[in-house]
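Marked as transmembrane segment by TrEMBL: 21-47, 59-79, 100-130, 171-197, 234-257, 263-285, 297-315, 321-341, 362-383, 389-407.
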Amino acid sequence: MAQAELGGEEKTRNSGKAGMFWRYWTASTASGVGDAVTTVALPLVAIETLHASAFEVSLLPAARFVAWLAIGLPAGVIVQRLPLRGTQIAMDLIRAAAMAWVPLAAALGILRLWQLVLVTLVIGLAGVVFDVGNSSFLPSIVSKEELTARNSLLSGSSAATQLGAPSLGGVLVQFCGAATSLLVDAVSYVVSGVILWTVPRPKDKRAPAAAGSPWAQISEGWRHVTRHPVIRPCVTAATLVNFVCGTLIALTPLYLVRTLGTPVGLVGVVMATDGLGSLLGAALTPRLAARLGSARAIRWATPVGAVALVLLPLSSGGWGLLLFGLGNTVFTMGVVVLSILTRTHRQSVTPPELLPRVMATVRFVSWGAVPVGSLLAGTAAAGLGTRDALWLVAAVALLAPLALWAGPVRRMRLLA
């Protein structure tokens with residue numbers, strides 16, 4: 001994802017904002033393609049090249065997302081205090097350098113698992129700062145009425161890259177090797193940074209940094225999230241969903257390669273069903289919100305997605321992979337509907353001066369569940385086997401819709 005600053009003369013504000021958005025979108029799409037390739041290639045480096053165990057493979061997603069637990073809360077304060085465009089470009093370049101190390105080390109014959117984990121951690125830490133800035137950018141260039149449509153557009157673009165790029169990743173891994181394929185992601189970060197560098201440096205119109213100590217500012221964002229009657233249950237549901245996503249990130253490549261014996265080139269195609277579900281979810285979200293209301297839409301999309309996960313452990317090799325793909329697609333659709341509508345709600349009701357800290361708090365809690373899910377999934381797979389671990393995941397997924405139905409959201413038509 002990428003970020004730009006606002007500015008320009010009053011008479012060109014609308015066209016300037018449109019230009020900012022489309023540069024943001026272009027940079028986001030460029031890095032998204034690389035990220036989607038890495039989703040396939042990185043675990044395959046561990047599985048095929050380093051012959052890692054189930055638990056060792058789970059360390060990779062855990063390392064990437066544990067960054068939210070490490071600096072997720074102060075990231076909101078950091079974003080408000082540093083020059084935004086320069087910070088975003090720096091984060092892109094840091095991630096490009098870290099990712100480029102993997103194919104270089106592999107070519108030199110010195111690649112080890114601890115290096116993969118360290119690279120993933122560095123990318124995760126830089127990504128935290130980058131993503132918190134992104135969450136605060138969109139509301140500053142579009143009206144509240146446009147937020148759902150723009151968020152859906154961004155999610156749809158992300159979904160399109162997730163749909164095509166994993167298949168590309170599988171092909172690249174098949175013919176170039178897993179480590180070499182990661183060069184695509186390194187280049188994508190450079191492209192994103194260059195696009196941001198071309199954005200003019202206008203007057204910064206972000207809300208000024210709040211007074212008080214960093215801890216006081218962090219606490220203010222935390223209180224807003226935990227005391228808001230609608231944001232709180234939505235974050236609870238998102239946290240449970242992300243816990244499940246963390247388990248699937250760790251288990252899916254292991255299940256496909258070692259349990260079902262799926263060819264490496266086909267792994268990317270199966271994992272691309274994430275993108276298909278995201279694309280369908282992004283396309284359906286505005287229609288569901290308009291017809292049902294945003295609150296009703298997430299109340300029903302979330303349980304439908306959760307129930308679909310039972311298809312994953314029921315799947316088998318060959319044509320049985322279609323069952324896995326169907327379950328993965330429907331689950332991801334539910335996740336995207338929940339994500340778009342709850343994110344739009346937070347962006348709409350949160351004061352601008354609080355938004356970076358609120359978004360950082362939400363991601364600290366919800367994305368912090370991803371590494372926990374990954375590590376527990378790796379442990380469960382090592383002890384029970386990957387298929388039985390997926391059955392446990394399917395059961396846990398049913399808790400997410402309960403968080404929505406147990407609170408005030410169950411009585412609402414619109415999130416407000």
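Glycine residues also receive a Cβ, built from the backbone N, Cα and C atoms like all the rest.
TrEMBL labels come from automatic prediction, so no person has curated them.
In summary, the transmembrane segment (321-341) lies against the transmembrane segment (263-285): three or more C-beta pairs, each 6 or more positions apart in sequence, are under 8 Å.
In summary, the transmembrane segment (234-257) lies against the transmembrane segment (263-285): three or more C-beta pairs, each 6 or more positions apart in sequence, are under 8 Å. Counting only same-chain residues 6+ beyond the ends of the transmembrane segment (362-383), those with a CB under 8 A from a CB of the stretch are 53-66, 68-69, 72-73, 75, 128, 131-132, 135, 225, 231, 235, 238-251, 254, 346, 389, 392-393. Contact between the transmembrane segment (21-47) and the transmembrane segment (171-197) holds: at least three of their C-beta pairs are under 8 Å, each pair 6 or more apart in sequence. Counting only same-chain residues 6+ beyond the ends of the transmembrane segment (171-197), those with a CB under 8 A from a CB of the stretch are 2-4, 23, 26-28, 30-35, 37-38, 40-42, 44-45, 48-49, 85, 88-89, 92-93, 95-97, 99-100, 102-103, 105-107, 111, 264-265, 267-268. Note on the transmembrane segment (297-315): residues 234, 237, 241, 244, 248, 255, 260, 281, 285, 288-289, 321-324, 326-335, 337-338, 341-342, 387-388, 390-391, 393-394, 397-398, 400-401, 404-405, 409-410, 415 of its chain, located 6 or more positions outside it, place their CB under 8 angstroms from a CB of the stretch.
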